[in-house]
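This report concerns only the one structure given below.
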């Protein structure tokens, strides 16, 4: 099980996130993940999703259900396509999108982004770094991510940010 501690610019409490991937076959897994709000002591959300990877097309697709304490039960579909910029795939151009559909079949929170990702292995001894720079199409905002081993910082040009530490 993967666990992390998360803190965002619009939250007053730390969140504990847990994720488990249960293999179905070599290209498909069931992904279960949820979050506990340490301020309230209650779960923030829970999600179950079937994810499939198409290696010949460098593409991933996921379909699942998401329960949120505010927006209740939703169905979601997400996809990502990766285009290598370099032959070693350390620099990629990614297109990704997500669509949530509520119980009344209304589309909620659409997301779509184009980004460049640069993976720097052994930046220093035992230190890997990933830098992402992208543009979120629906929110119309540039964003960036810097990841160093267990630490991840995400920020956008509207002043929103979040920090994650993988345990």
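In case you wondered, yes, glycine gets a Cβ from its N, Cα and C as well.
Now, the feature entries from Swiss-Prot:
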TOPO_DOM  1-21  topological domain 'Cytoplasmic'
TRANSMEM  22-31  transmembrane segment
TOPO_DOM  32-55  topological domain 'Chloroplast intermembrane'
TRANSMEM  56-65  transmembrane segment
TOPO_DOM  66-71  topological domain 'Cytoplasmic'
TRANSMEM  72-81  transmembrane segment
TOPO_DOM  82-87  topological domain 'Chloroplast intermembrane'
TRANSMEM  88-97  transmembrane segment
TOPO_DOM  98-110  topological domain 'Cytoplasmic'
TRANSMEM  111-120  transmembrane segment
TOPO_DOM  121-127  topological domain 'Chloroplast intermembrane'
TRANSMEM  128-137  transmembrane segment
TOPO_DOM  138-142  topological domain 'Cytoplasmic'
TRANSMEM  143-152  transmembrane segment
TOPO_DOM  153-158  topological domain 'Chloroplast intermembrane'
TRANSMEM  159-167  transmembrane segment
For the topological domain 'Cytoplasmic' (1-21), the mean pLDDT of the predicted model: 96
Cβ-Cβ under 8 Å with the transmembrane segment (143-152): same-chain residues at least 6 beyond its ends: 113, 115, 123, 126-136, 163-167
Contact set, same chain, for the topological domain 'Chloroplast intermembrane' (82-87): CB under 8 Å, 6 or more residues outside the stretch: 58-59, 93-95, 116
Residues in the topological domain 'Cytoplasmic' (138-142) grouped by DSSP into helix, strand and remaining coil: 0 helix, 2 strand, 3 coil
Sequence-remote partners of the transmembrane segment (22-31) [C-beta within less than 8 Å, at least six residues beyond its ends]: 47-55, 62, 64
